[in-house]
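Participant: The domain 'Nucleoside phosphorylase' feature in TrEMBL is assigned to 53-304. Sequence annotations record features per position, and here TrEMBL assigns phosphate binding site to 94, 138, 139, 140, 141. According to TrEMBL, the feature substrate binding site maps to 217, 219.
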């Protein structure tokens, strides 16, 4: 039996829905997904989310709102007349969340703790909603190791700052190790979707995930630095020789928790600079914004391919983009709002534009 088949047998029911590795959830009257402003008792999660097949995560709310509008255009998803996307989790004040048909988009914040909290609740959301065979993607930014800015890296594996291929987490005073395993087949399927005309290269390789942006990644420009430039370069060249091609701060946790849940996943990041030649991101905001669209382009092609839609070169137009964020009344909302203990009234996904 292959590793993939073993995972599916262990962590999924025969219909493709997810099993949770937590017997306590089934004993609870309701499971409150606090950081998403949702709950299994206060919301009909099956009705709201059972059609989700692709979960896409990125660092910032703005980036993921942009991706939600982009993927809406790409897959031809139409909202009801007079409505636009609404951040479903806006009352949580933590993460953003947009639903576009079978695609669920989240901002995960920065670093392992933030993405870890989100993943716990999103995995539980998939379970409660009875989603079948969901695939998770992280669309991010990174520092290239020997790769210039504006190119893509798809992580084939992830390691921590000590080159350990697992996530360490103290639980009840004991260290738990969870292997950070990514779906290599999915990584290469994504790479194969690059067009010759694309303005970026795609590298599949090993990613170093650190707990810090400055000292943890060997930068010289933090508030503290107890090493020399020579020390930094020796370290970067050493890990490059060990096939590390980029650095970021979420892949280890993303890979470990998805693997532990039996969920196929991929990490696609655009490089903002080559760390062998510098530490600071000096490229203009306009160019950086364009670069950050590159992972979205690749993932959208994969989603369209899986949906049986033609793959064409994306056009970054957002005719359905939000014009005015506003809160609507119960009668105006396109979905029936529900009450949730301890939180304000919720709306599902759309809001009318006056």
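Cβ coordinates come from backbone N, Cα and C, glycine included.
Curation does not apply to TrEMBL; its annotations are automatic.
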Participant: Can you tell me the CA-to-CA distance separating residue 219 (substrate binding site) and residue 139 (phosphate binding site), as a whole number of Å?
Facilitator: 23
Participant: Cβ atoms within 10 Å, counted per site: which of 94, 138, 219 has the most, among these binding-site residues?
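Facilitator: Most Cβ neighbours within 10 Å: 138.
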Participant: Please report the Cα separation of residue 138 (phosphate binding site) and residue 217 (substrate binding site) in Å, rounded to an integer.
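Facilitator: It is 20 Å, counting Cα to Cα.
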Participant: Given the model, what does the mean pLDDT over the domain 'Nucleoside phosphorylase' (53-304) come out as?
Facilitator: 97
Participant: Roughly how many angstrom lie between the C-alpha atoms of residue 94 (phosphate binding site) and residue 217 (substrate binding site)?
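Facilitator: Residue 94 (phosphate binding site) to residue 217 (substrate binding site), Cα-Cα distance: 26 Å.
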